[in-house]
Amino acid sequence: MSTESAPGPQSGVAQDLQQTPRVAVSALVTNLREYGLILALIAIMVFFQFTTSGTLFKPVNLSNLVQQNSFIIVMALGMLLVIVSGHIDLSVGSVAGFIGALAAMMMVIWPLGPLSNPLVVSVICLIVGGAIGAAQGYWIAYHRIPSFIVTLAGMLIFRGICQALLGGGSSVGPLPPGFKALSSGFIPDVIGSLTLIPPVVNAAGKTIVGSGLTLHMTTIVIGLAAVLAYAYFGLRARRSRERHGYEAEPFTLFVVKTLVTSALALFLVYQFATYRGLPIVLMVMGVLIALFVFVTKRMTIGRRIYAMGGNAKAAQLSGIKTERLTLMVFINMGVLSALGGLIIAARLGQAVPAAGLGSELDVIAAVFIGGASAMGGVGQVIGAVVGGFIMGVMNNGMSIMGVNVDWQQVVKGLVLLGAVVFDVYNKNKG
Amino acid sequence: MTSTILEMRDITKTFPGVKALSNVNLSVEEGEIHAVVGENGAGKSTLMKVLSGVYASGTYDGAIVYRGEECHFKGIHDSEHKGIVIIHQELALVPMLSITENIFLGNEHARYGVIDWDANETRTSALLKKVGLKEDPKTLITNIGVGKQQLVEIAKALSKEVKLLILDEPTASLSEKDSQALLDLLLEFKRQGITSILISHKLNEVNRVADKVTIIRDGRTIETLAKKDISEDRIITSMVGRSLDDRYPPREPDIGEIVLQVKNWSVYHPIHADRQVIKGIDINVRKGEVVGIAGLMGAGRTEFAMSLFGRSYGRRISGEVLLKGKPIDVSSVSKAVAHGIAYVTEDRKTYGLNLIDHIKHNITLANLGGVSRHSVIDDLRELAVANEYKAKTNIRSSSVYQMTGNLSGGNQQKVVLSKWLFANPEVLILDEPTRGIDVGAKYEIYTIIARLASEGRAIIVISSEMPELLGITDRIYVMNEGRIVGEMAASDASQEKIMRAIVRGEGKAS
């Protein structure tokens, strides 16, 4: 992602009317660079589709991929704001582990009565996460202790509490099915399924698994609605710009972009529909991504975070309460770390002492692959999400290929370095 | 008997889409002080970067002939090797290292990688003596003032056996006294046979020391003037391409009732808690009035303004602020802004702008409420606002999506001004509003100030340039050592009167 597109949906694309027609060409170049990351993700997916002989895009595997990586992406949303505001949070993996342990203790061990209901426990855990974020953010915002140090301390502290809570090396479980649905559940098919090809029934009267083709219609409807809404709002924004006399990006570019994105989305939706529908965790993630895109691009608080990261002193002298804003960024990070912890615990079906161990590095890597600047002030939500998926697809693809875990780390490290070097090179050239 | 030490012939340098220099010629005689003047963005710095090898030979057209031979510098190292040393506007010293360590950084007297500190310090002492700096060579850079740091830079240049010294805006951040000392030093060097190229905005300095002046405009050489032809008017005419009969726009003040009144304002130093920086200041400013605050560097003017603006400086702040007769609370920036007070900083890069964001986002930052509803920003309204202020303050850029970090000083200043104009303040405090910007842009800033006053806003201008204060204000306060030591109507003020007030005040303080 290029720097010139901090918040602002049309940034880098829009030009004043008085510009020359050459703008169309330069807009294309700018956009190619901006979408370079998404193209990279597609290229990586195609690569693994071939090397895993088609396993990657199998509906079962897509569901796995989402369930295995959603917690990284959820936490990357918070980490993006932390990094844009010029800080870092090393504690997220430990906080996630601690919250998972806390949730398990509340649901399984402690006699809490009605309070051990998964929903109540989840809400309490999110609040605890926010409190942890506030406790760390307080030192960073109001006492100007470097975030690296505060959260390094947090990383040690919460991993320790997590292990102590679980009584040393043991794990706590099994967690109730209602809780596990957060990670392993699928949305219910309220419309009913559509059978395109009836499954083959064998001589013993049993259906052969994998035969036939049944579509999860609720999934299809949600997918279509999302794609139509995407196209509609894109078109409406364009119209509005033109009505007010501003040039939007070239129409062909807009059409190509919308069509490619929609086609990709519909393909994935179709794959999910042929299996068991959309995973619940994917829905949670989708809503959060949309929310954070909106907050960073359209809301004043988002703008203020970018301004603070770009030049904290100037932001302060423009009337922005930078201390309070920093505190809020860390509270947000705490809540999302807690959600990440719940997702991990729900996927494993139990709380283990090593849950989330080292995941802070994956989260931070996702944000930097997504084009955020370590100096603060630059970075995009979509970039961080795509960065997270790049990491996830590589994890998944290499596992299927049977690449050793040790070498997977080497490859991920090289990709992180390569992505950032490419980004810096591009910026210097442009 | 003089000979040409440097000749730059038909230098043309293009960046993608922009021709920064086209056929520039510069000829410098041995032993002279040659001034290069021009508006910001005229190409002075680019020319010096070509000369010093920052832009390697081959990336530009034209020839550099130095001491009779054509040179192809591949980097700064090549040009320094030949005795050409450039001192940049932003000093390149390491704050936490000593004077000695800085002077010999990368060039230490060493044997097999082991540094001989005694030899280095002896040489440093000799160099410091040459530039007239009385400091222990072991002193850390961070502990000496900007003026002295500048001298350390020059001593560093001398250590490289400089033949041709290039100074880029050397006095931009120096006080009057330090500037004078620096210019005297240049004259001393001239006597010793060192040739200097001086890039400056300050025409009185050029007038004082330069033997020749070359004027550059829009990437072209306009003319080179010999000593006898140098006059400020002539230079200004060549620089802006039109004659500026009047350097200050005319205005007819329409002054109303008192808008802002500050009573008995006192501030202590943020670190040295017992040092009182501002000592009981009383000032007022009226509707439609432009009030100046004059004083030397370190008089406490910026500290006063920043402490007033949401306690952004100092502690143990006491005193009263009245807006139209009613006491107001200005204890935070947002409260001050809400009461209609705006402060335009003297240091726009550090305190004024988000340099990695574009013009549009910078302009609306202090008043996001003005372009949003329920905290959701209306993008089109924001764009309209940005374009409106871009036109109003005449910001020169391809669009409002240009990064502020890529703008020239004058245009950056207009962005900061736009930001505060959009916040619609009643009282506007401008701290050194024309520092480091060229003559043409200065005039534009003065015009904006005059227009704001005629709209009925109260304006306070802090400036170290006395002619500027005399030219644009209605009333002048003189400040020295944290006190107001004089107040006069601009119509009967003069540079002498202001200086006398400062000197008298100093006598009183001691």
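Every residue, even glycine, has its Cβ placed from backbone N, Cα and C.
Keep in mind that this is a model prediction, so the values were computed, not measured.
What TrEMBL lists as transmembrane segment is A:35-57, A:69-88, A:94-112, A:119-139, A:145-166, A:213-233, A:254-272, A:278-296, A:325-346, A:366-391.
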Cβ contacts the transmembrane segment (A:35-57)/the transmembrane segment (A:366-391), at least three under 8 Å, sequence gap 6 or more: yes
Spatial neighbours of the transmembrane segment (A:94-112) far in sequence, C-beta under 8 Å, 6+ residues away: 71, 75, 118, 121-122, 124-125, 128-129, 132, 154-159, 161-162, 165-166, 172-176, 179, 334, 337-338, 340-342, 344-345, 350-357, 359-360
Ranked first among A:69-88, A:119-139, A:145-166, A:366-391 for CB pairs under 8 angstroms with the transmembrane segment (A:278-296): A:69-88
Long-range neighbours of the transmembrane segment (A:366-391), counting only residues six or more past its ends (CB under 8 A): 1-3, 5-6, 37-38, 40-41, 44, 69, 72-73, 76-77, 79-80, 83-87, 289, 292-293, 296, 306-311, 412, 415-416, 419-420, 423
Same-chain residues near the transmembrane segment (A:145-166), Cβ under 8 Å, at least 6 residues beyond its ends: 82, 87-91, 93-95, 97-98, 100-102, 104-105, 132, 136, 139, 172, 351-353, 355, 357, 360
